[in-house]
Amino acid sequence: MKLKQRVVLLAILLVIFIFTKVFLIDNLDTSAANREDQRAFHRMMASLRVELDPRLDHTLQSPWEIAAQWVVPREVYPEETPELGAVMHAMTTKKIIKADVGYKGTQLKALLILEGGQKVVFKPKRYARDYIVEGEPYAGYDRHNAEVAAFHLDRILGFRRAPLVVGRFVNLRTEIKPVATEQLLGTFLAVGNNTCFYGKCYYCRETEPACADGDIMEGSVTLWLPDVWPLQKHRHPWGRTYREGKLARWEYDESYCDAVKKTSPYDSGPRLLDIIDTAIFDYLIGNADRHHYESFQDDEGASMLILLDNAKSFGNPALDERSILAPLYQCCIIRVSTWNRLSYLKNGVLKSALKTAMSHDPISPVLSDPHLDALDQRLLSILATVKQCTDQFGPDVVLVEDRMTLSHL
């Protein structure tokens, strides 16, 4: 064989070797990532049941300090949280030292300060568990139990982007009124034998108060994020117009995602994938009301999309609002880790996991069975949507590897 032919052959073999090595490394990395996803899923399943226990094994004695130290740019709480039960126990039992009207918004809520100075948002019960909210998917009052269920779904999906939420019963006469501000106190009234209040918000009306059962009111409390992590509000690129006869661009332009990809912060970094994760989360819970979203300030698109205000969820188990999934089916991309987690949750696992996760909440049962059944059916729709994308574009385009280090220093 001539020298020139040998050189060409060696060059071809070298190229084949390099491509083979790269292919094997990529496959090993993917396999290793998939195995870690599976291990993370099993760890989550093993720690689903959160018993509300006051004991703390942490060097920090305050549950509020512990929870504050959990927060980092890409998660609100870590994967392994042995103190979670103690923090949630404190949220549902610590003495209320101040009560005020809720922060600005459209729905009734109260801002409570618990012993130790921790702020929580209290959302009162407005509906029975089996009540069906008719009309638009964003219709009706906030659902306190939806906040509880959404938090546990966030745990199950492995996002860890929702603030802690737990159910709580409060005595309006003995726990709230003695420590209420004049502004909140002025909205209290009696309806028959029940103590009620209507608070202050865009849709708050004296004619539509939230009423306790006697003096005892059921609700949810959401842990306020630490003040050292100020929030920045963003308009959701797939937000609705809320105006009859006027469609948002995404509702008629099938190429809308291409335009989104060219604008900051969706042109780089994790934010677009966070939007798609959130669309999946919202579709599962039936939340069509995420017109805005929050991230941490000055993050340049690097921090997570925080899953706040999930109370317009679980209104109608028979309504599957497919338009919530628009970011997924228009962009046709999804994180590999999200896809793996969804795949592990099929065949009834999601319903069972959520039911187990919520079983120790003070207001359990949190959801009615039709809502739990709806989760499994909606999961199948999500999986089918991703399959349509992979059939059209191929898994290499649709399944995006985006694993960011979640450091807790």
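Each residue, glycine too, has its Cβ placed from N, Cα and C.
Marked as active site by TrEMBL: Asp289. As annotated by TrEMBL, ATP binding site applies to Gln107, Lys123, Thr222, Leu223, Trp224, Leu225, Glu294, Asp309. Feature annotation from TrEMBL assigns Mn(2+) binding site to Asp142, Asp309. The feature domain 'FAM20 C-terminal' is assigned by TrEMBL to 191-397.
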Integer Å distance between the CA atoms belonging to Asp142 (Mn(2+) binding site) and Leu223 (ATP binding site): 17
Distance in Å spanning the most remote Cα pair of Gln107, Lys123, Thr222, Leu223, Trp224, Leu225, Glu294, Asp309, given for ATP: 20
Long-range Cβ environment of Gln107 (ATP binding site), under 8 Å and at least 6 residues apart: Lys123, Tyr141, Asp142, Cys201, Tyr203, Ala311
Thr222, Leu225, Asp309 filtered to the binding-site residues whose C-alpha is within 10 Å of the residue listed as 'active site': Asp309
